[in-house]
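Novice: Copied straight from Swiss-Prot:
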BINDING   Thr93, Ala94, Glu114, Leu162, Ser166, Asn170, Ala171, Thr172, Leu173, Val298, Gly622  FAD binding site
BINDING   Cys432, Arg451, Tyr466, Gln486  hexadecanoate binding site
TRANSIT   1-62  transit peptide
Amino acid sequence: MASITSRASARASCSQANTRAGRVALSGGALLRPARPARSFVPARKQQQGAVRRGGALSARASAVEDIRKVLSDSSSPVAGQKYDYILVGGGTAACVLANRLSADGSKRVLVLEAGPDNTSRDVKIPAAITRLFRSPLDWNLFSELQEQLAERQIYMARGRLLGGSSATNATLYHRGAAGDYDAWGVEGWSSEDVLSWFVQAETNADFGPGAYHGSGGPMRVENPRYTNKQLHTAFFKAAEEVGLTPNSDFNDWSHDHAGYGTFQVMQDKGTRADMYRQYLKPVLGRRNLQVLTGAAVTKVNIDQAAGKAQALGVEFSTDGPTGERLSAELAPGGEVIMCAGAVHTPFLLKHSGVGPSAELKEFGIPVVSNLAGVGQNLQDQPACLTAAPVKEKYDGIAISDHIYNEKGQIRKRAIASYLLGGRGGLTSTGCDRGAFVRTAGQALPDLQVRFVPGMALDPDGVSTYVRFAKFQSQGLKWPSGITMQLIACRPQSTGSVGLKSADPFAPPKLSPGYLTDKDGADLATLRKGIHWARDVARSSALSEYLDGELFPGSGVVSDDQIDEYIRRSIHSSNAITGTCKMGNAGDSSSVVDNQLRVHGVEGLRVVDASVVPKIPGGQTGAPVVMIAERAAALLTGKATIGASAAAPATVAA
């Protein structure tokens, strides 16, 4: 244990990389990348197809000039002279869905503005490479304010910063939550019966369906994990049964209880990450009415109040950072700006646009357009802690890390072959695709999610463990064999906020996740009981056979007070931030948008992303965001109306 502990105390640092994202414009199938000077663009499409033969050089050059003329009306702005029916702020999960659905009507012009780069990294495609994505140039690298209740710690909050957003950087887990989650929203038109068909429409499930709960014709690929650790996964399942859990064959089937142990389905396609860029946006980039700009940071929504009412006219953005020229993208008559920047940056940008609590806006000299107290409030995330244990010496080499890497930190040839030839093996896994949902105190819905990892954390902060793993690999060090159980308060009671630090839209947001601030202490109790539950599982006959003591919390952490202190000092985000532009019924003063996702007090402005979720569903939030975007697209195109419910299944359990 001494060598393990010494490694666990080593400080990890993420690999250094160029953080300046290159600007990319995608329009009518053309891929345009910046060359020198910075404002001029040259097409890369021909370069991708191979070198142009010398005899065709002049015609290729003429074609390039024509491509540029089609995209640029002047030398400074890729959108000058254009008007759009829909401007999507952000190119993440929801925006990819909307861009696909809205641009299907060739008469509508759609613009997507993404602050980050294109989605071309190999690390995004390979699920196991998630260790390289946190705190990387593909992440916003956001940290909270010091949290007094968490031993004055800052919390790192991962958010994807590229086309596809967090669907390109998350753990790929596919969770809808339970039917009761949506019924608890209490918003007209968004009950479990209303939303189920939109989950099904989005999905092509390789292992379930088609049926009442799963689809076979949607863009989003979902499948069972293609890596199994036969010894450790089997031992965990047996151990969970020993402590009283029953198996759950499908956590997304609402006809039975959400609790139990089992396999978490993943958003993958034959073992490759199936992020929403690849599933929704990339296949339609050839549409001539769809334009996508990367490296385009929106700074505010342009809103006109001259006619006595607030009307969105377009957005202001920069393709050259805080010192760059502020450019404008304009709406066509009747067009709409749709905020898809996520639960952190959507409220952040709304406030910079004058939409938010008037006192805060006035503090920073921002003119108030719509005084909405709820903007940036109601932040909900699922806080987590973990237990970790090494395996006995005779089982060294049993972990997922051993199946991928050799003792020098090099990827095993067998792992590469399994991945490339069959889409199987350790490289297809983010490590946490088995687990459980548990009621710790008889709640109607499980309050605890357990992610079982057949690999050992060397940091009590689960996200820092991923970062540390990448450091170990780069230094050619062997990662010790063991297991981890990440314990998540999946239906938290605590809430936090997103605020401003200045009037500068390039300054980082003021983040406070608010973990463990609920007045009844329910979230802390859930995590404390989760630690006890995980220890019971580790002591079971099925799992104790493999384990050699406990690394975290450690043998010295015994009493509830000691466990609570451990939780406060190690609690971390499970990266499921929602709720900061809450959807609500008429008369709900805390809401920011109505049940059609329209921002109160501003015409031509909607929010379609995780911000609108009134109460976070149990489980990861990628699938619910896709559902919301699918439904929003249908509302915008007139293919659906609020109040028309999907056919209910025969039985819908809470």
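Along the chain as shown, residues are numbered 1 onward.
Heads up, the Cβ atoms here are built off N, Cα and C, so glycines get one too.
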Novice: Most Cβ neighbours within 10 Å: which of the binding-site residues Thr93, Gln486 is it?
Specialist: Thr93
Novice: Write out, in the order they occur in the sequence, the residues of the chain not among Cys432, Arg451, Tyr466, Gln486 that have a C-beta within 8 Å of the mean position of the C-beta atoms of the recorded hexadecanoate site.
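Specialist: Neighbours within 8 Å of the Cβ centroid, excluding Cys432, Arg451, Tyr466, Gln486: Ala171, Ala384, Leu386, Thr430, Gly431, Val453, Gly462, Thr484, Ser574.
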Novice: Out of the binding-site residues listed (Cys432, Arg451, Tyr466, Gln486), which are within 10 Å of Ser166 (FAD binding site), Cα to Cα?
Specialist: none
Novice: Taking only the Cα atoms, work out how far Ala171 (FAD binding site) lies from Cys432 (hexadecanoate binding site), in Å, as a whole number.
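Specialist: Pair distance, Cα basis, whole Å: 8 Å.
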Novice: Just to verify a number: CA distance, Leu173 (FAD binding site) to Tyr466 (hexadecanoate binding site), in angstrom, no decimals.
Specialist: 16
Novice: Could you list the residues of the same chain, at least six apart in sequence, whose Cβ is under 8 A from the Cβ of Tyr466 (hexadecanoate binding site)?
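Specialist: Counting only residues 6 or more apart in sequence, the Cβ neighbours of Tyr466 (hexadecanoate binding site) under 8 Å are Ile130, Thr131, Phe134.
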Novice: Could you round the CA separation between Gln486 (hexadecanoate binding site) and Gly622 (FAD binding site) to a whole angstrom and send it over?
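Specialist: Here the two Cα atoms lie 19 Å apart.
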Novice: Around Arg451 (hexadecanoate binding site), how many other C-beta atoms are within 10 angstroms of its C-beta?
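Specialist: Arg451 (hexadecanoate binding site): 24 neighbouring Cβ atoms within 10 Å.
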Novice: What does DSSP assign Thr93 (FAD binding site), in three states?
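Specialist: Helix, per DSSP.
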Novice: Provide, as an integer number of angstrom, the distance between the C-alpha atoms of Arg451 (hexadecanoate binding site) and Gly622 (FAD binding site).
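Specialist: On Cα coordinates alone, these residues lie 17 Å apart.
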Novice: If I take the alpha carbons of Glu114 (FAD binding site) and Cys432 (hexadecanoate binding site), what is the distance between them in whole Å?
Specialist: 29
Novice: Starting from the Cβ of Leu173 (FAD binding site), draw a 10 Å sphere and report how many other Cβ atoms land inside it.
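Specialist: Around Leu173 (FAD binding site), other Cβ atoms within 10 Å: 24.
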Novice: Look up Tyr466 (hexadecanoate binding site) in the DSSP assignment and report helix, strand or coil.
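Specialist: Looking at the DSSP assignment, Tyr466 (hexadecanoate binding site) belongs to a helix.
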Novice: Show which residues of the chain containing Cys432 (hexadecanoate binding site), separated from it by at least 6 in sequence, have their CB under 8 Å from its CB.
Specialist: Ala171, Leu173, Phe264, Arg451, Phe452, Val453, Gln486
Novice: Sort Cys432 (hexadecanoate binding site) into helix, strand or coil using the DSSP assignment.
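Specialist: Its secondary structure by DSSP: coil.
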Novice: Under a three-state reduction of DSSP output, how is Ser166 (FAD binding site) classified: helix, strand, or coil?
Specialist: helix
Novice: Only counting partners 6 or more residues apart, tell me which same-chain residues put their Cβ under 8 Å from the Cβ of Gly622 (FAD binding site).
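Specialist: Those within reach of Gly622 (FAD binding site), by Cβ under 8 Å and sequence separation of 6 or more, are Thr93, Ser166, Ser167, Asn170, Leu173, Tyr174, His175, Met267.
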